[in-house]
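J.: Here it is, the structure, as structure tokens.
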Amino acid sequence: MVKSSLCMKGILMNRIAQVCVNLPARNIDKVFSYAIPETLHFLDIGWRVVVPFGSRTYEGFIVALSEETSSEYEVKPIIDVLDSQAWFSDSMLQTAKWISEHYLCTLAEAMRLFIPGKTGIKSEKQFGITPDLEQAVVEQILSRLPLQPQAVYDYLKTHEQVVLSKLKKIFGDYTEAALNDLLANKLIVRTTTAKKRAVPQFTTSVRLAIPPEEAETYLETLAGKPAQKRLLALLLQKEEVKYSDLSTWQITRDTVNRLVKAGLVKNVKHQVLRNSYAGMGRRQQTVRLTPEQQQTIDHIIPAIDEQQYRSFLLHGITGSGKTQVYIEAVAAVRQQDRQAIVLVPEIALTSQIVSRFKERFGEDVVVMHSKLSIGERHDAWQRLQEESAGIVIGARSAVFSPVTRLGIIVIDEEHEFTYKQEEQPHYHTRQVAAKRTELEGAVLLLGSATPSLETYYAAQQGRHVLLTLDKRIDHSLLPDVRIVDMREELAQGRRSVISAPLQQLLADTLRRQEQAIILLNRRGYATFVLCRECGHIIKCKHCSVSMVYHNSSNMLRCHYCQASCPAPDICPVCASRYIRYFGTGTQKLEEELGKIFPQARVIRMDQDSTSRKMAHDRIIASFSRGEYDILLGTQMVAKGHDIKNVTAVGIISADSALNLPDFRSAERTFSLLTQAAGRAGRGDKAGQVVIQTYNPEHYAIMASSSHNYEVFYRQEIEARKSLQYPPFSELLKLTVYSSDENQARSQAEQIVRQLGKELQHDRQTEIIGPFAAPIAKINNSYRVNILIKSKELTNIKSQIVALKLNSRSDVLLDIEPLNIL
DNA sequence: AGCACGCCGACT
DNA sequence: GTCGGCGTGCTC
């Protein structure tokens, strides 16, 4: 109380914020100091602010506070705030710091992951006259300039600061040239303004501005004004009317405005929280758990109650009821008033899990996915921040949700590769989740039928508690799997992509009026176009891959850069007419199925048929209503859904992923086959699966045919150990990009030399490469890879930082890549 | 990223 | 002598 206000003021004025400026550049990775002005005295760590930076304005994140003012440089004040509370909690900030260190990205890059969109502000150039110039000098310079700049200057003289868009409206096409003239002569100054990006959406409603009794008396006076009378009468009844509903009562906005002017009614704004999944399910509580599920839950609940970090791997076969376990665990977290993050590989493919959560938790659930607009994302996150929602379900980016009191992170299908971000920074959701839960004293629950090798190995080592569900909930049996050797098919003279056993299975299934799913992991019609005369294969001009023929549009398309061209009739090289289409994609398979089973109703699901929002949902929904007999598509048909009448699954080519020169190809194949097979026989009818392959003796294929994860794991882990691949080592992939092939190679060679010199005494590290990526060119950019394999990457990472490889624009780093190609 | 500063070659 | 190329360095 006695402390003088002067003293208080002194401290307040000297408060300095350390701000991480949200810059796109990779070569600036440091925090900048800004003064906290008195008007923003409430600022604290974690707030998003607007700061001046050079001549421009940027968003910044406060990462630390200090009292002292060092006088080495001028400290500019913070301009504004973005939100009404801190965006980053302490643990979010710590997680961001960890990400930047672990994945070698800037702190700004890491912090950007936690906000909707790339930046919270939109900046625009603005102009004003240079202050304190002598009138005579100005006149003299102006007189030498053309009329346009003179006119612009006169305008700016009478207006404080004007944004570029406004000047363009007034002065048209000459604006920029005129401004450049004025800038060159230093008559005007350019700055930037910052507008807050996340403008919350509002609805406007009308309310009475006077007490109802008073309004009653006014009704009489409005006899000659029927519309105004109607509105007033309505408001006496309903208290509030939305603008959007006014038309139903035949009241125009003008009528409202008249009454507003008269002071009888007023406008009220409500913020709309956009929620595209609103009303998807109703609350429903009666669930009986199987003894197995109950046992599992009994392990997880105590950990939740203790509020200490603990991680679990829930290994449950397909159809064993993992989702119910997630729901019970989340319910326990909600009981403690803590919040939950539930992660799924791809939200479009897993709407069933969303409905299950909605059924149980209703409006407490917020759904996030990549197709949400920045505004929708902002609203969803705001609901979590304000704790008006307690559960977020979403794809990998939802791991960054700003929940204030985290109790659990669930990762469903934790082995899925979509959890790894393929753009910079290449984070893995599982690792970020582990860090966040660790920092918050929360539970991490990983679930899968085919856990990733890393996770299962970690569980074996005691780093996760292993929980197992090995019975299907409805006691349905796992499907019968038949492996078809396609070499034998060929020997018997069958050339169709559909083998005899698969054709038989489909015929039987159709006869019983049951449904079938067919997996073919190649889009389009024909996968390459070849000239029989000269052997030319049509390749993309920008990428070193063959173009794929799409018959729906009669075009050739590149699946890497999306370039397309009309399908040619003659060979572009030798003009021969012997141009032929080879390789079967989903479109051609659809056509063939139509020929073999003309009566069958076939629906195709792949990237081309699901480009619209929610198209997956519609296809799955109509297939599950029995409107189609056969669902055919790429790997997206293998995920998540649970359709009781599906009794047959066909896998056209089990080898497509197996033959890639990547140490994870067996794992990839095993999990895809097991997931796909798991779609069959989920009801009371037995399921049957046909796997077509040229490698019938491969352990990944054999193990998946017997649904035996353990068998696969034991063989795969031995292979990894003997070759010292993860989890027995850590990998780092370095990609050098260039539009010039030789440049890419020579840069890569130089990097290998530099690193090799630094690491020559490091026996545990191996540098592999440089080698050209298998698809050497994508989008006119040549790529050369370097792979570093080590027991422990820490030393390598510090070398990379020392050599500044992490801030080079022609080098991309991928720490622990899932894909080494 | 942008923008200023600065050091070399092609012109009025 | 000046204009303008883009290499280098800085932004609290």
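Note: Cβ is positioned from N, Cα and C throughout, glycine not excepted.
What you are looking at is a predicted structure, and each value in this text was computed from that prediction instead of being measured.
Annotations for this protein, taken from TrEMBL, read as follows:
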BINDING   A:C531, A:C534, A:C571, A:C574  Zn(2+) 1 binding site
BINDING   A:C540, A:C543, A:C558, A:C561  Zn(2+) 2 binding site
DOMAIN    A:303-469  domain 'Helicase ATP-binding'
DOMAIN    A:566-735  domain 'Helicase C-terminal'
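I'd like to know what surrounds each of these features in this structure.
T.: The Cβ of A:C531 (Zn(2+) 1 binding site) has A:I537, A:C571, A:V573, A:C574, A:S576, A:Y578, A:I579, A:R580 as same-chain neighbours under 8 Å, each 6 or more residues away in sequence. DSSP classifies A:C531 (Zn(2+) 1 binding site) as strand under the three-state reduction.
Under the DSSP three-state reduction, A:C540 (Zn(2+) 2 binding site) is assigned to coil, being neither helix nor strand.
Mean pLDDT, taken over the domain 'Helicase ATP-binding' (A:303-469), works out to 93 on the 0 to 100 scale.
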J.: Restricting to the same chain and to sequence separations of six or more, state which residues have a Cβ under 8 Å from that of A:C534 (Zn(2+) 1 binding site).
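T.: Listed in sequence order: A:C571, A:V573, A:C574, A:S576.
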J.: Using a 10 angstroms cut-off on Cβ to Cβ distances, just flag whichever of A:C540, A:C558, A:C571, A:C574 is the loneliest among these binding-site residues.
T.: A:C574
J.: Which residues, in sequence order, are found in the same chain with Cβ within 8 Å of the centroid defined by the Cβ atoms of A:C531, A:C534, A:C571, A:C574 at the Zn(2+) 1 site, excluding those residues themselves?
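T.: For the Zn(2+) 1 site, the extra neighbours are A:R532, A:E533, A:G535, A:H536, A:P572, A:V573, A:A575, A:S576, A:Y578, A:I579.
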